[in-house]
Amino acid sequence: MSAHDHFSLCLCDLIRLLWSLMLPCFYLSFLLTTILFLFIMGVRSWLQMKRKTRRVQDGRPAVAFFHPYCNAGGGGERVLWCALRALQNRYQDVSFVVYTGDQGVTAEEILDGARRRFNIRLPRPVKFVFLKHRLLVEAKLYPHFTLLGQSVGSIFLGWEALTEFVPDLYIDSMGFAFTLPVFRYLGGCQVGSYVHYPTISTDMLSVVRERNPRFNNADYISSNPVLSAIKVIYYCVFALLYGLAGSCSDVIMVNSTWTLGHILALWRTPNRTSVVYPPCDVQAFLDVPIGEDNEEKEQKKCHSLVSVGQFRPEKDHQLQIRAFKKLLDRKEAEPAGREAVKLVLIGGCRNQEDEDRVLMLRGLCQELGIADRVEFKLNIPFQELKKDLTDATIGLHTMWNEHFGIGIVECMAAGTIILAHKSGGPKLDIVVPYDGGPTGFLADDEDNYADAMERILSMSPATRLEMRRRARLSVSRFSDQEFEGSFLSAMEPLMSTLRA
């Protein structure tokens, strides 16, 4: 037998073997698929039975908000409480639930925190479901593949929420898109989402492709072409999964033009997506009159630069501190010197990681020799925030591609001259010309920020007053009333199904 014939026989034997295995593999796959399908249907039936039992006992449909950090005190939490207030006022025959991962606090303490921080009182009580496994969505649990880890963790946290309470309508108000298919396909719920910030964006892909080091792209990755290529593939696959999860939503609300562009590109649901600007308590600031300082008072005044935002890495407080250091260096030559300005950093801490970041920032101030001119204010009540903003000269913001920027709007309403990052929502939606004139300043690096600070401080009181008044007029479109109207309009298709 020739070698060719022997090879042909071996090939034929291999084909026969593979063919003989195909049928058992097909049967096994069919069996496993059937078991999985029956299991999913069984779980779905069990959950729907729980909902029917609850409806019999309560007699009312329930709307649940998934917000694991509802006691954090940031802009996302303001959206949550304003949304709940609007829905409670409109729909008296619906009960409302909040899934939260906060531990060691009571429902009364959470609601009292919302009242103190945001000046928001709910007309009726809400039920809180306290989740025990919020750690699953903490970034510190996933030092590598953080996006994937947090997203998978959110699926398990969502499952815990669903088994604790099965709502009729589920709203993800914190950006955990991978919980949407859990509630839709297992819970049989109508689902909606309010997106503050896409979990992944084309900008993030660009950062990795161009190998730029940032807070979400470590130096050792940006400096290695192989690791950068692997991360690009990882991001692309994750973006596909994120888009599939997000597209499960029946109604999608986004908070800015910038977010809208990215969500449309990833979720591809234009008919179900609309922009609903987040609520900003502008009226509380607009009620405070602003006046013009004369030249004499101007020379004696200590100008405060105020930053409002949670102490998260992407807020880039380091940029604020370093730019402020450059401003102080330039102020040394002036008569009033360093004493003429101070930096006030106001924000909330969600967890120990944020508290450690504050310690690091305090250390940076010590290292730069400016600790005496920088003040940190953590988790302060609303009235104190209001006073600090109305007393400030400059409102400072440094986050790259901020999705919106409630703190920016509050600064403008309070009468500060805003200095924000030249990207994202601030550039596209907020710090835009109004009535033929500028409403603030934009910058993107330490030198630009220091230059803008110096320019603002050198403006005459009359010129600053004109810009402050113009900025105040421009922010009326971000009021609580505007948000409530837009939010209720977007939610109407879903809420109408509850009454059917």
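Each Cβ is built from the backbone N, Cα and C atoms, and glycine gets one as well.
As annotated by Swiss-Prot, topological domain 'Lumenal' applies to 1-20. Mean pLDDT across the topological domain 'Lumenal' (1-20) comes to 63 in this model.
What Swiss-Prot lists as transmembrane segment is 21-41.
Residues annotated as topological domain 'Cytoplasmic' in Swiss-Prot, with similarity to another entry given as evidence: 42-231 (among others).
Same-chain residues lying 6+ beyond the ends of the intramembrane segment (232-252) with a Cβ under 8 Å from its Cβ atoms: 145, 147-148, 151, 172, 177-178, 180-181, 184-185, 190-193, 195, 198-200, 204-205, 208-209, 263, 266-269, 272-274, 490-491, 493-494. Sequence annotations record features per position, and here Swiss-Prot assigns intramembrane segment to 232-252 (among others).
As annotated by Swiss-Prot, topological domain 'Cytoplasmic' applies to 253-403 (among others), with the evidence given as similarity to another entry.
The intramembrane segment annotation in Swiss-Prot covers 404-424 (among others) and is backed by sequence analysis. Same-chain residues lying 6+ beyond the ends of the intramembrane segment (404-424) with a Cβ under 8 Å from its Cβ atoms: 75, 78, 196, 255-256, 258-259, 277-282, 285-286, 288, 290, 306-309, 316, 385-386, 389-390, 392-398, 430-431, 439-444, 448-449, 452-453, 456, 459, 464, 467-468, 471-472, 474-475, 478.
Helix, strand and coil content of the topological domain 'Cytoplasmic' (425-500), in residues and according to DSSP, is 56 helix, 6 strand, 14 coil. According to Swiss-Prot, the feature topological domain 'Cytoplasmic' maps to 425-500 (among others), an assignment based on similarity to another entry.
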